[in-house]
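According to TrEMBL, the protein has these features:
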- 44, 45, 46, 47, 48, 49, 50, 51, 52, 53, 54, 55: NAD(+) binding site (BINDING)
- 42-236: domain 'Mannitol dehydrogenase N-terminal' (DOMAIN)
- 244-421: domain 'Mannitol dehydrogenase C-terminal' (DOMAIN)
């Protein structure tokens, strides 16, 4: 009888020291015939069956003929996906259409079946949110251990599709904490942890009788670091490989994310409920554009982006915010203000860039000041932020949350704007 590994799966008898990653031969055409003898269907396991998972990453993968299995904790979604094996996606904007994503399945991310899927997967993707990413690391580590024990040493790539700089690299470090050291060399040889930048507005679905139906904007962008793949790059329409990922990560963070959050916090102060309502206010629209221009100046200086092309990119984003077919609630965008005020996130990171290069930052300051006013009794981080402001005062609270020096000129300037917004 085969020895059983600590993961519960049959263990391979080959000594671990002799394991090497191998790439299977791809199907080839006969020299005398155009017939392809074998067709390999990519098996993808996607963590997160929420709106972004179904409406963005899962859809692109299914459109590329991947066999997509969603892993989630929501039993209703799991049951519905397995029962119907398809769902509708409304694409709205300049190009409107109704797509049906077919041939999908789902498993519980807390059960044994997800381990079996990792053993046989060709690709693993996530869209769970930065706060949940660490929680799936132990599951992924168990699955990888079982995969190696079962003798599957073919290349596997993992792509975290999150609003997080180098999110997949972070996930890798968390996986290594759970994976026994004896398997680390095999992971380094066989598993690519591929960082990405993702951009598509997918608001919560409007209430209807279909729990799987999702609405997305027509624009989407999924850029991946081609230098981090193991084996062949998967061919997915809409997934763009680059060898300069950080330029695109920061372009998205400093433009879409910065503009989105400034719109939300300024809109909240004026009593608006949705991003569209806020961005149609000419005063807010002007301030948001100027904030994105300030962060854009950092990108032009740091990465050499063409100023005219970046200005057009800013205008495209403003148009996306005003999409009349998307109901994007301000409290969805503005939630978790402590995370969004962190030093590496969408407000403070571009501000630090302006300080580094000696560039204007008045409207970024105003966005941060507006964030300090964000109130939402249903958001624990918003409640904690207001508690910090009450207990510490604005300068010390801002320093605690952002990492900025409480005695610095920039903090004094932001605090002055905070008081002016009251």
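Every residue gets a Cβ built from N, Cα and C, even glycine.
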Exercise for the section: Across all the protein chains here, work out how many other Cβ atoms are within 10 Å of the Cβ of residue 44 (NAD(+) binding site). Expected result: 26
Exercise for the section: Averaged across the domain 'Mannitol dehydrogenase N-terminal' (42-236), what pLDDT does the model get? Just tell me the whole number, please. Expected result: 95
Completion exercise
Cβ neighbour count (10 Å, all chains) around residue 46 (NAD(+) binding site) is 29
Exercise for the section: Translate the DSSP assignment of residue 54 (NAD(+) binding site) into the three-state scheme. Expected result: helix
Practice task
Using the structure shown, find which entry in 48, 50 (the binding-site residues) has the sparsest Cβ neighbourhood within 10 Å.
Solution key: 50
Exercise for the section: Give the helix, strand or coil assignment DSSP yields for residue 44 (NAD(+) binding site). Expected result: strand
Fill in the blank from the handout: Least surrounded, by Cβ count within 10 Å, of the binding-site residues 52, 54 is 52
